[in-house]
């Protein structure tokens, strides 16, 4: 525990802080009566900036605390997620009043604060990474418990089309077990695969010109995967299934470095998708959206119009919202994204698309790419395979989740109910994502200490 | 460290995938953005900063026909509208409701010019689009371009008035003459197209029945739904969207093909009694004398007769023979030259005229029937107008136009449409002969029994048509005309649905239209009087 001030982090925080303050001011100005001209007398009250100032204060505090206790932890992660989650808070504040949930922004702010606290708890509580590695089956069991809880809950809810059917109600809090499930799975995969890495890299049974992975050693991994996919079939969470399968492929590739495994994985996936498509009608309806022609609306048949007004309403309106943004966007608070149902979580990308435009979305994609790059860098610098796999796997969660929901929003994939990391409204998601950041910070700190021989 | 290279590779894969995602965003937000946001399901278009101040519509002389004004607060249907209400000024020109169409709001489909030129009227095209992109960024409402039609409201009013004034409600003047189907019936449905054949400009276009576009544009959806259910289809723009059996006016098509290919000369007596009166058997079908239209004509006693004789008295048997002689390929080739079976390049969508049965094959007997306008012929008044125009314009077909120019709100001309030659479907000589044949119709034949046509000082030439529709319904009455004969200034095609004999039901109205237009609007000098009929008709064997 050596004190070293994290100047770099503070410096990197300056631009996010300015952007958030500017965004908040813009939001306050956009909300005022636009028919009267702007003068000093009818300026919005300065108190409106307090939530963002509070968030800034919290990040500065974290910066100071980390300087004392985790001075070697990566200095780029927090400014990046700070900006992303701050924008998430801004968007919740902007959307809330228009969907009759005026406290949405405040709630999201509280979730972000709780998330940062959980990030700190993770950093301080997780004294040794070996705890995660050693008790890998505990994590697997925890994951299974979460799966069971979701299953039981699903059987209770019955209505699988309700957007909240996968939530777990604990008093006033609605909690999504899937958010923690993905972390459990990555920890288990990382621990198990790093232990059996040599066997995996070795030779398995031959299959024609290809070499299959050694199946026995992969048994537990396949079991976890099977359970996760079962979860998808029962709970009907296509996005979650894609995320878990994607994570599986990423981690198998990272631990074995064999492209043939990924190839087989994709082949298996195609097979499963084909079976799912032919067996389950809801999978077919989901995929019907992908082939729906939104562009040539003039030639819609009555059935297509009906689809656009009912089952396809969300995606069609989402695409119209996205297109309405154009290159520069309508401006924060000046678009009409709330036409889209559930815009605050699943469709938040379209809200950003309309109000910040293509320019804004490309900037957001840039932020995500930087975050992912930073996460993989932490993984590459880590000293042992477990930490490497863990950091890379956790980073892959961000990458996959962003891709799956964004592809859903632009109709490349069926729309799924997984949140856009840090930007979507939702407590479990924000907290889980901050726990991941906590883990990444811890790994980077440990790596730096080991490198300096202070461990 | 092997894992590191795998991590690096994975990072690269994700970078590629994110780039793909960015391309997807470029597609939706730039490439197809305008098309997607114009969706009528996009209620943004109805919001204050998006609802355009729609362009105005004028006639060729700058008479205001349509404009948008802020919603009248007393309008009981204002909830349907978006910021503005469209007002139409169509007193005495109710047909323009169908031509211009209606526009309620961006969330409803519009019709007519309002639909076809929506991109200009709402400022999504041309230079105005750039201005409007700026307006969008500055949160100012977009503005649309103004449209100037080729319609002349003075002529439009005359044509509407005369068409109604001379609606058939009386018996034919010479009832003892059997000319086509000489019965006449009252009808409320019909169409007129008035064109300048040398430029292709449409000067007036009438359709009956019509509707009140101001009521629809005010948001009265109950009224609109009532219009949709009306069996007389008042929303239909009959001149371009109505499809009818043409009857004998379609002999003009066969005549042009016969003259242009040199198969027959107009005044050469090539038809003996059997080939003029019948019976002839074509493709196993007997074309009997009862069909010929000259069987009962007491003055046709000297044979052989010419094609001129057959055209002026509208001889079906002779035209069945001519069509068969031409053959399906040649006859269809000439149909194709006049855009039969194709889209006519026009400012409004035109229904496709067709002369083929569903299987696309034209057997000899059907070709024979088609050649005199029955069979499976189904055409729009617009198509007949094209034939009429090409004959009047020495065989050169001009693109029919309805919009003359588009102007930005500040007066800058965005687009100015000049007359455009489409093709030369027939030679100048063919066109001149066809005009002579149409002259014969009015001087000696089926048109000569209408005193208004025969005595008109404007030397109207014409072809009559009575399209039998069967099913116990009265025939469609057609009249395809141009005047003056020496140098046709305008062409008028007039059609009344299920009204009976073509010359009777349209002749008086068309003669009045020419007289009123030429006297009070174009202020033409009266042409030299026509040749006395007796010498011309006798000379060419049209009376014998």
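Using N, Cα and C of the backbone, Cβ positions are placed for all residues, glycine too.
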Transmembrane segment per TrEMBL - which of A:138-155, A:156-173: A:138-155
Which range is transmembrane segment per TrEMBL? Of A:46-70, A:196-220, it is A:46-70
Ranges in play A:238-260, A:261-283, A:284-306, with TrEMBL marking transmembrane segment at A:261-283
Quick test of your reading of TrEMBL: among A:13-31, A:108-126, where does it put transmembrane segment? A:108-126
Please find, within the list A:77-96, A:317-336, the residue stretch that TrEMBL describes as transmembrane segment. A:77-96
Could you tell me what the rest of the chain brings near the transmembrane segment (A:422-441), counting residues at least six beyond its ends with Cβ under 8 Å? 66, 70, 73-74, 77-78, 81, 84-85, 87-88, 91-92, 95, 104, 107-108, 111-112, 114-116, 118-123, 126, 173-176, 179-180, 182-183, 344-346, 348-349, 352, 364, 375, 378, 390-391, 394-395, 397-398, 405
For the transmembrane segment (A:356-376), sequence-distant contacts whose Cβ falls under 8 Å of one of its Cβ atoms, 6 or more beyond its ends: 74, 76-77, 80-81, 83-84, 87, 325-330, 332, 349, 391-392, 394-395, 398-399, 402, 421, 423, 440
